[in-house]
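Report on the structure given below.
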Amino acid sequence: MTTAHILGFPRIGAQRELKFALERYWRDGASADAERALVDTGRALRAEHWRIERDAGLDCVTVGDFAWYDHVLTTLAHVGGLPRRFGFDARALTLADYFAAARGNAAQPAMEMTKWFDTNYHYLVPEYSPATTFGPGVEWLFDEVREARALGHRAKAALVGPLTLLWLGKARDGLVERLALLPRLVPAYRALLARLREAGVDWVQIDEPIFSLDLPDAWRDAARPTYEALAPGAPKLLVATYFDDASEHAALLKALPVAGLHVDLVRADAQLDAFVADYPADKVLSCGIVDGRNVWRNDLDRSLARLAPVRDALGERLWVATSCSLLHVPVDLAHEPRLDEELKTWLAFAAQKTREVAALRDALVKGRAAVAAEFDDAAAAAAARRTSARIHNPLVKRRVAALTDADARRASAYSVRAAAQRARFGLPLLPTTTIGSFPQTPEIRRARAAFKQGVLDHLGYLEAMREQVRIAIDKQLAYGLDVLVHGEAERNDMVEYFGELLWGFAITSNGWVQSYGSRCVKPPLVYGDVYLPEPMTVGWASYAQSLSAKPVKGMLTGPVTMLQWSFVRDDQPRATTALQIALALRQETLDLEKAGIGMIQIDEPALREGLPLKARERAAYLDWAVRAFGIAASGVADDTQIHTHMCYSEFGDILPSIAALDADVISIETTRSNMELLDAFETFDYPNEIGPGVYDIHSPRVPDADEIERLILLALERIPAQRLWVNPDCGLKTREWRQVDAALAAMVDAAKRVRQKVEEAVPA
């Protein structure tokens, strides 16, 4: 019979139980009681998620999709591959050790973090050196298998594959080629798979999403010998590709000595023919037809029509699946009592998507009539969504159609603008600033919760937030920062805040997804044409500016990031939606400028994240992404300084496009990479001003002034002092004030030291 399965389920819990358990554990100093509570929470979440999968009608549950912090880090823990610099005993690894690698400790900074392919999930980057070894690691996966079997479930295990694990890492300490470590890594995987077979696991899903990339020949050539070494003695192996088209590797993948393949038909439907043609008789083909990355309800009839010919060709060897892990969507639509009822009928979260997979399996096996009610409901929802009047705004469509190339460019060149801005602001060499947000304290959260619950009225809430702005301004003046921010106390999230104020967006109550570790985000839903009904940030920025003679930046989230960090409508091109958002932000920048705000930051941390995985598709994306930013930023006068911020980005390959944004100042995250990101600036003459991050805000570790001074001096080797800013890596929302106070005081001290050295080195 055709098998229904998913590639993974969200691990955070319907009420973010894992987040809160992690934070309690860290807050309690990793005590024995806190660890027991955390372990119990993880066990309960896994049991609940498997229950959802079973009750939906899936043929197996997935184990190994759970991780305490990150599934790449967990895979490293399973194969004894955590960075040697931490000095851990791989076979006796504790949770405290695991979290030290993720978050850093007093002796070592945290592992670097970057985006998982083109998603908004962040993984911890493996560190590989000539001395790297692999071997037996933690028992967590086997514990999960035992848990699932004890609950009566048929378990399919899931692992990040060896090729992907190596690809995702960075070579260090003279290692020339990561593939040189493959002969050491394969035996560790082989032993892991053999143990899974001994534990009674029939199938193991091996995630190899790198086969959706443009792979070098050496990596392609490594695939067959790797899986020839893994297959003997292992359970049946299902090699899973996702996130893009893997058809250029179809012949290679079909020839692997494995029991099945998985392909993503949501992101790359056209690849199906390349896989079905001459498909080996000894393999299953898992078709990812239910979207694992977006929240829109599946058009079941359309999906059934797509799968029926595959069933006719392959029979029971067709498996029905989600396109990728459901890690990227919220847990359960049932927890959205306040969402608009019509909109709700258009949606499916992880729990609903598991049922969509099973319903498609049932229709393929028993016929559509067996699940007619579910199919009819889905068809009605799809029809209503196509025709709903709430989606279309003729005014917005006219404004987008009227845009010209000139609307996306500043009136004057950077050199002219820079002179006007120097005259207006009179900033010192190496000006210091922050990225935007300050700690979201318990006081802020209590006030927001009281306001949402109706306990605190609107005026009371505004005064509470104004008090937090006053605190933020006073602290920044005490540190001695040159350019200030208002601290964003009123914002629960840099995208959701704007989504609440823009037409065409909807906000969920509990639509949380994991960004990294305990960090969760609640992406808005972009369901219709986007329009700005009234100013969003002017009041807060104006109030903050009234408290200081120093410039205060207005803070906006850019159009591409708004798009990337939302669940976006799929009934029009993403480029069109980006332009709609850009027009709304353009109006906001003009309103800020009119109110006297002279610096406006338009954050685009997700610019590179949106880059297509295929090189051939990138130029078109960058064209519309740069245009959207230009539309948002280019209406202001020469002496209004436009800032932008990017984080977690390795963007050497897109520096020309970043330069084309023509922001007066760009800040980037560089601390964890020890300024390696700036290597690209040695060969590319970036024309505008830049602030490489000198303080890793993702770790509780507080740097001292000497450490920050060293980073500033490293940056000066690549960036002229006249164009260098000093700032943290990212916003400070997740840190505590005691950490921020110490770190920013050290940052200002370090900047003053270096400023003095630079000025003394310049002849009078």
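Cβ atoms here come from the backbone N, Cα and C positions, even for glycine.
Annotation source Swiss-Prot lists 5-methyltetrahydropteroyltri-L-glutamate binding site at Arg16, Glu17, Leu18, Lys19, Lys115, Arg519, Cys520, Trp565, Glu609, citing sequence analysis. Classification of Glu609 (5-methyltetrahydropteroyltri-L-glutamate binding site) by DSSP places it in coil, neither helical nor stranded.
Long-range Cβ neighbours of Asp603 (L-methionine binding site) (same chain, at least 6 residues apart, Cβ-Cβ under 8 Å): Ile435, Gly436, Met494, Met555, Leu556, Thr557, Gly558, Thr561, Thr644, His645, Met646. What Swiss-Prot records for Ile435, Gly436, Ser437, Glu488, Asp603 is L-methionine binding site.
The L-homocysteine binding site annotation in Swiss-Prot covers Ile435, Gly436, Ser437, Glu488, Asp603. Annotation for Ser437 (L-methionine binding site): same-chain Cβ neighbours under 8 Å, separated by at least 6 residues, are Val485, Gly487, Glu488, Arg491, Met494, Gly731, Leu732, Lys733.
For His645, Cys647, Glu669, Cys730, the entry in Swiss-Prot reads Zn(2+) binding site. Annotation note: Cys647 (Zn(2+) binding site) sits in a coil segment as assigned by DSSP. Sequence-distant neighbours of Cys647 (Zn(2+) binding site) (same chain, 6+ apart, CB under 8 A from its CB) are Pro605, Ile668, Glu669, Gly693, Asp729, Cys730.
The DSSP secondary structure for His698 (active site, proton donor) is coil. The active site, proton donor annotation in Swiss-Prot covers His698, and the record cites sequence analysis as its basis.
Across the structure, Leu18 (5-methyltetrahydropteroyltri-L-glutamate binding site) and His698 (active site, proton donor) place their CA atoms 18 angstrom apart. Neighbour density for Glu669 (Zn(2+) binding site): within 10 A of its CB lie 25 other CB atoms from the protein chains shown. Apart from Ile435, Gly436, Ser437, Glu488, Asp603, the L-methionine site neighbourhood in this chain, defined by C-beta within 8 angstroms of the site C-beta centre, holds Thr434, Val485, Met494, Met555, Gln601, His645, Cys730, Gly731, Lys733.
Those residues noted as binding L-methionine (Ile435, Gly436, Ser437, Glu488, Asp603) have their most widely separated CA atoms at a distance of 13 Å. Between the listed recorded positions, namely Arg16, Lys115, His645, His698, the fewest other CB atoms within 10 angstroms of a CB are found at Arg16.
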